[in-house]
Structure formats: structure tokens, C-alpha cells
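Note sheet for the following structure.
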């Protein structure tokens, strides 16, 4: 039932986009101010959260109110640290509040809380980065550098007020399942919605239907598979004791397939929710990136100047053709990369891309010392996902699998196998890594995860160690001049 409610809310969100984006509200209710569409976008998001969270709604409201206060009234150069401490500290309370007599929050309210954390911490970092750009611009005497800084400030700089942060917190695109997007991307949506005459959003056309085409397939596949494979069965003696080892391996594969279909459906529809309202649509030439927005800001500046010089053309004329618009800013899941990339690293980069952007932009690149960056980022990611033993066991397995994957690659190159055979070997190992670690994310508890892994003989750990040992032995044989 929960999945049906969630899917229904996503589809309703998809349907209301054109109402906000194309000026229907202002046409039907001309007395509404220009900002009405912006406020209603957030009001609708608030109602979605209330429908999902019910009595647990106060958690996200409290986090948003305090975060907006910190960003608006806190120390100018410390709001990012204070906001991060508040949001991540509150996550600890949120997950343990039932020990203090509060009702334990529902899983769906946990998803809303996680996304609220990303938005509030992200906007705080954006504010501090903007202030640093302003200082650099004041101190710069180089004309080229000043032009670059002015472009960055114009298109990525943000200085939101308290109420603007609150509106961003509950803007309905992405509020339930992502994707995460920066405040600067939301600001571009606000500017368009408030423009005179409410021009239509960047052309969606075939892009929306092309992206949405596979969603029914993912949804139907999930509904079928979930009737046969469910995670509670992985805790029973019927599977762990009475079934064969081969069937347990197959069950692990089936559970990850079911999980992928569920997430593919949710994330693809969530991306499509952003498109009709115009969120994240930028000229393809500006090379937008997921979660970040345009990276070639000079393209945006050139098109802005063209629009100013040709005001008679509606919107941007031929600049608004669907072929010229990219929604990469909200492209959260690359299914082809997840399914067919030959390595663990490439597969992970294709999964939940907006969260990976957040981790890279606001954690990885901010950690002093290259040696600390990866472990700190992985620790923050594990903590953000949830304080469950299964999460940490899965995250700790990934580095071992990465070492084994490198060892496998070297062994394949020494064997001089056909490229297609080598690709299949690497791909097979990558998919089994994801099957194996997915069980930790689904079982949650460390005890349940270890019991299941023990029932299949800790096969991934064993295979990884064997690959690393074989690579070491092959290297020693090659170094001694004997055939490896």
C-alpha cells in the first residue's frame, strides 16, 4: 500500500507541472501576484510531505526553520559549518528519538528528512561560496579573472532571504525521492515563473516522453517481482538453512533486481516531475551536470545578450527548441551505466548521481589532505544513509571489492583474453558485488546481514581475497621471469 501511495503522489506531481509552468493559474485567477506560482510550487510540496510524513512532519519543518535562520542570521563565514552540524546532528536525534519517548518516524518520513538535509546544508555552502567569490572579485585586478568571477556570481551566486530558503526547502520537484539540485537551479526556476507573461518552460517535448517511456516497464517489473521476492524471507531458516547454496545466490540476485526496478521507477518519474515545470532545463551547449547546473557559463551569457538584442522574439526563439535543451541537471539515474558499466566505480557513478554530486562538492573537495577525502566522504555517506550495521558492512566491503576488481583487471590483461570476454568477466564481478552489498542495505541490521552472508559462505569476500592473492602470485611469477 505504501508503494502505491508513493507512486500516486509522484504521478500527481508529474501532472501538475504544466499548471504551474504555463501561466494557467494567472490566466484563471488574474488577481494572483506574479510570485503566486512560486509559492504554490512550495505549498504543493509541503502538502506532499504532509501526506507522506503525517504526524512526523514536524521534524522536517524544524530542520528547515532552524537552517533558514542560520543561513539568514548566522555568522557570515560560518553558516555552512553551523548548518551542517545542526542538520547532521538532528539526523542522530531523528533516528533515536523513539528511545526518548517519541514515536519512531516512518521510513517515508526518513526519506523526506534525508533530502531536506541535503538541501539545507547545500544552500549554506552555496551562500558561503558566493561570499568568497565576492571577496575575490573585490580583490582581483586582472580583467580576465574579474569577468570569470562576474559570470560565476551572476549564474551560480546566491544570497537568499529566510522565506526564499523555506520555499526552496519544500519545492515539490524532488522533495520525496530526489533529485537533489542546488539553490541556484531553483532560483532559475523562480526567475522564469515570475517573468512577465509566465513564458513556457524550456521545451520538453520528446525529451520528457523519451525519459518516461521506461518507467511503466520498471514499475510493472517491480510489482511482479515483489510478489515473489521480499527481504523478510532472507531472515528465515527456510532460506538460510533448508535451501541450497545456489538458490541463496539466486535469491540475492533476484532481490537486487527487484530493488533496482523499484528505484529506477521512482527516480525516473522524479526526474520527469522536474521537466514540465521547467526545473533544470538549460541549453545543451552550457554542458549542465547533475545537481550542479550549467558548467559553461559563457554560453548562458551569450544567449542572455541575444535575448536582450531580440526582445520581439517570444522566449528565446530558436534557442528554445527541444534539441537545444538538456535536463542533465536533474538526470539522477543512468540505468545503462548501472546495468552495463564494467566496473564497480563506473556503476556507482551512475547510481543516485545528484547525491554523489552533493558528496563530491560539499564533502570530498572540502576535506584537507587527499588521503582523508575518500574515507571521510564514505563515512558521511554511510551516516547520511542511516545508522544501520548493514549499511556500514556494505560500505566497508566496497574498498575490498575495488582492490579485487583492480586485481582481476591485471589478471585479465596478463591472460591476453579477447576484449569481449574480459568485459564480461569484469561486468559479472561488478554485478555480483552489487548483489552482495545490496543485502546489507535491505536487511539493515548487522546480525541479519552477517547471517545471510555466512549462509552463502561470505563468497564475495572469499572471491575478492582469492583474486588479490592470484594477482600477487602472478606478479611474483612475472618478476622472477617464470610464465604467469
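Heads up, the Cβ atoms here are built off N, Cα and C, so glycines get one too.
Look at TrEMBL and you will find 37-67 (among others) tagged as transmembrane segment.
Feature annotation from TrEMBL assigns transmembrane segment to 79-102 (among others). Residues of the same chain lying 6 or more positions beyond the ends of the transmembrane segment (79-102) and with a Cβ under 8 Å from any Cβ of it are 59, 62-63, 66-67, 70-71, 110, 113-114, 116-117, 120-121, 124-125, 127-128, 383-384, 386-387.
Feature annotation from TrEMBL assigns transmembrane segment to 212-230 (among others).
The annotation transmembrane segment is assigned in TrEMBL to 245-265 (among others).
When Cβ-Cβ distances below 8 Å are used as the criterion, the transmembrane segment (423-446) is approached by residues 231, 234-235, 252-253, 255-256, 259, 340-344, 347, 385-386, 388-394, 397-398, 401, 404-405, 408-409, 412, 417, 452-453, 459-460, 463 of the same chain, each at least six residues removed from its ends. Sequence annotations record features per position, and here TrEMBL assigns transmembrane segment to 423-446 (among others).
Packing against the transmembrane segment (452-474) from elsewhere in the chain are residues 234, 239-241, 245, 248-249, 252, 397, 400-401, 403-404, 406-408, 410-411, 414, 429, 432-433, 436-437, 439, 443, 484: each is 6 or more residues past its ends and has a CB under 8 Å from a CB in it. Look at TrEMBL and you will find 452-474 (among others) tagged as transmembrane segment.
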